[in-house]
Structure formats: C-alpha cells, structure tokens
C-alpha cells in the first residue's frame, strides 16, 4: 500500500473517532436543554430583559417560612412538631421522626426535607402512596404552608 | 429530588445509528492495524468482526425488548471502547515473538460478559429488587475479597494476591466485589440517610457524625486497608474507599464526612508507605522515575518510563495503528494499554478515548439525577463513580500524575474479570436509566382519581416491592 493511502487512513481513523463523539453528543442534546424548559415556568433573566412586564407578573409572592408541622387528622390528630433544619422521616417504623400509628402507612412512608428556603416531600416507595393536596407524589415536590399532605388516614400540614 | 425533565422517548433508533458508528470504530481499528502490520485481513479479523457485531445487535435487541427507555448512548460507547481495546490487543499479539493469544481470550470474555449482561437485562425487572439484598451483598463482598487469600483457591501473580484459579481460567473476584459493595452502600445509605444526617455535634461549620454512625465508614476503611495489606493491591484499595466516600457524600452532602475520610486514608497511606516495601517501591518509581537506579531496579520504573517514551513518540497524531512499537512496554495489553493507544493514535486519539469515558460517566450521573428512588440514585452514582475512579487511577498512573497501580482500564485492558464486571455495571446503569426515563405510570392514574382513597393498592408489583422493603426494616 502506498504511503499516501496509509497516511490518509491514519487521519481518517482519528476523524472517525471524533465523528463518533460528535454523534454521541448530538444524541444527548435533547437532554442538555433541561434548563430551557424548567417546570417552574419562571422566565429567564434574558426573557425578563426583553419583556419587562414578565418580571412584574411573575414576581413570586413573599415566601412564608414553615416553622411547625401539625397533624390534622388520623390517630395522632392534634400533635405538632417544631421544624428544625433537618429532614423528617414519616412512617410507622420506630426510627421515624414522627411515628405514625396508622395502619395504612408504611414503615418508612415519606420524607420531608428542607432545601434552600423550602420544604420538600418525597415518597419512599410506600404501599398506599403519599398525596400532596390532590396529587399523588411520583417525585419530590415542594410543600407550601397550608397544603395538606395525606399519608394513609393521617393528614398533616406545615404551618408558618 | 431533582426538578429535571426526562424525555419520555425510547430513542432506540438513535442507539442503532450510533452502534453502526461504534462498530465502524472498533472494526476499522482492527482492519487498519492488520493492514499496517502487513497481516492482511485474516481469519481472526472476520471472527472478531462478526462476534463484536453480534454482541452489539444482541444487547440492542435485549434493550428493545426489556428496557425500551434505556439511555441510548451508553451501549455504543461501550462497544466502541471494547472494539478499540480488542484491536490493540490483537495488534500486540501479532507483534510479540512468539505471537500470543490474548485477543482470542479477550474476545471470549467479551462474549461471556455480553451474555451475562443480556441475562441481567432480561431477568432483572426492576433495579429496586436489589435493595433487598443489601446485607447479603455485604457478606458476598467479604467472601469475594477473602477468596484469593484462601490456600488452594487463591494464587499470587505479579506480586498481588487477587486471583482465584478456576481450573480452566483465572479470575479476580475483587472486580465483582466493587458491584456488590456499591449495592450494599446504596442500600445502607438510602435506608439510614436521615439517621446519619440528624445526629451529631456541630463544630464550627462542620457537623460531625455520631460514633455509632461511623461504623460503616470504619468498615469501608478496614476493607481497603485489608486489601492493601493482605492482597498487596493498592489500586483496589483506593477504588473501594473512593467509592464509599463518593456515595456517602452524595447521600448526605456533608463535607465533614469527606474530610474525615481523607484524613483516614492519608493516615493509612502514610503508615503503608512506611511499613510495606511494595508501596514504598511504587511511590519511589513514581517520584524518581528517571533515576537510572530506580529505572533498572527489578519492579522499578522501567514500565512506566517506557510507556512515557511511547506516548512521546506518538506525539499529536500518533504513529498510526500497527506502526509504533508499543510491544516494548511490559504488560502493554493490560496495565499500559492507554500508553499503547497513545503511541499509535496520538494525543488526538487518546483525548477521544478519554472523552468517550467522560461521556459514559456523565450519562451514568445523569441517570442518577433522573431516577426517582433514593436507592437507584445512589447505586447509579456509585457505579458511575467506580468507572470514573478506575479511569483516573489508570490513566493518571500511566501518565505519571499519580503512582501507577494495578487497576484495569474499563472495557479496553486485557482481562476477563474486569470486562465481566464492567459490562455488568453498564447493564445495571442501563436498567436504572430505563426506570429513570420511563414515563411515570402513576401520573395518569392519580389524575383520574383526585382524592385518592387510602388503602387502595396500586398494583401487585409495587406491593411486593414495599413488602420486601418492610421485611428489611424490621430486622
């Protein structure tokens, strides 16, 4: 084989390697635009610069910080718990922060945890599910004060 | 926990397209090396081409059947890396005098690994089932790590006692132990995360853990130190401890754990450096590699310096496949395969390979972000981190950034146990990514049933899952 062909093949292979990488990155591109369509629907800084009215209507209501957890319904109704900066485990298991004596709750049912200035609730794979308002949790969701959380027959709420 | 959108499209066709590219890379490398060595395209070439293609298609079909929503780029990357490694091993076989047969063995192990990976994809319905085996996998890891030390079964090779003789082949059980350890850590940390987080004294900005919760940390440390002392395997020791540190940091996001871990490993490393001659020799060969005395010493820096010379002669674009002399380096087809590839593909080629690893690992971490359950998140992080740490330790060792240790380059280095373990890791990551990207089945149901009555069972499978989890907790 002539030297020219050998050299061409040599560089051709290096180009092929990088084409493969470009192909992979192109296939991933859909995943990389996560930020552009975030679920909160808040306008980006750039959009606000272009349309100043967006900022006004989207300005978030001053956030109320939750300080207390109150049990509204269920066997433990009336109990309340002060919230610190640490996560709270809800369930029937003895190691749970709030031990629910509720036959419809799982051992380790759900978890409340602070992130930034908000509290989030996450279902820990419970049998009967966790409901925030009317929706059943499929992933961690932020909890606003006053929105009921239903676990089995127990209903709890965060209070400012 | 994460607020990211997952794309609910299967994207198997994109995977098929990328697989064609990946096969072109693997087979092209093999063909080029064969042509440049004036071997022509012999029978070996066709056997390898056909086997690699069949493996790629078989795993692809398995994914289409059982894990439709799995990540589309992982499999092509793995096939490309495996093909490149195979081509380089074959090329080194031919260059050896007399010719060796490492490539045939590597091909056989690739096929075995792919079959096991397919079996895992077909049989394991849901990765959360593995959570039930949390403590079983701890016992299994301990057994696997002790196995090479038993007389009769274990054997010593090149100064490390990490091998088991199976009669027809040798095997490194430690490679499988990294998967079982990742399962244990993921299961343990996802169950006890809150307890670990809640307790502890606060000193300044650091919240220190309770002594009670230090148990698993100490266990991981002891395992690593034990591996270092009894098996004389520095690489695996770093890998196991790094895996645990990464997982505990991801689970708790407490920097104090990482600091404590680093202090412990620094202490252990210093004592090992003082006490064990093989560790001292490794560090010496790294720091004073170009000292003629160290270079000529048995087990000195000869290997690493030859590798560096190879990389240097490769330069930017490399000598071309089959035209360099990577066979001059000892263990060119296993420990030093990156140096061999660097010599023949140059900096441009090696950065492409590192980029492929980076993309694979980033997909693993992305999978962890998208997964809905804590166990899956931790497992995916741990497994991707295992791959990342292996790449760092090996490539860092070859390029003399850190002391050279005996870990394998994932998917490329000759070695059956490592291939099998890494294919299993990718099969698990693919399964987890399938669960992460699959549209949530409960979403539609919840909308149709606004005030979900408590006590209603969603489906039997989920019930089984939680029943299993419940049993584990009552222990």
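Each residue, glycine too, has its Cβ placed from N, Cα and C.
Just so you know, TrEMBL annotations are computer predictions that nobody has curated.
Taken from TrEMBL as is:
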type	residues	note
TRANSMEM	B:45-63	transmembrane segment
TRANSMEM	B:75-92	transmembrane segment
TRANSMEM	B:107-124	transmembrane segment
TRANSMEM	B:133-150	transmembrane segment
TRANSMEM	B:257-276	transmembrane segment
TRANSMEM	B:336-358	transmembrane segment
TRANSMEM	B:378-399	transmembrane segment
TRANSMEM	B:411-432	transmembrane segment
COMPBIAS	B:442-453	compositional bias 'Low complexity'
REGION	B:442-475	region 'Disordered'
Do any residues, 6 or more residues outside the transmembrane segment (B:336-358), come within under 8 Å Cβ-to-Cβ of it, and if so which ones?
33, 77, 80-81, 84-85, 88-89, 91-92, 303, 306-308, 310-311, 313-326, 329-330, 387-388, 391, 394-395, 398-399, 409-410, 412-414
Can you tell me which parts of the same chain pack against the transmembrane segment (B:378-399), counting only residues 6+ beyond its ends and a CB-CB cutoff under 8 A?
127, 130, 178-179, 182-183, 185-186, 189-190, 235, 238-239, 242-243, 246-247, 250-251, 304, 307-308, 311, 335-336, 338-339, 342, 354, 357, 360-361, 363-365, 367-368, 371, 405, 407-410, 413, 422, 425, 428-429, 432-433, 436
Between the transmembrane segment (B:133-150) and the transmembrane segment (B:411-432), are there three or more CB pairs that fall under 8 A, provided the residues in each pair are separated by 6 or more in sequence?
no
Within-chain partners of the transmembrane segment (B:133-150) [C-beta distance under 8 Å, separation at least 6 from its ends]:
161-164, 172-174, 176-177, 180-181, 183-184, 187-188, 191, 223, 226-227, 230-231, 472
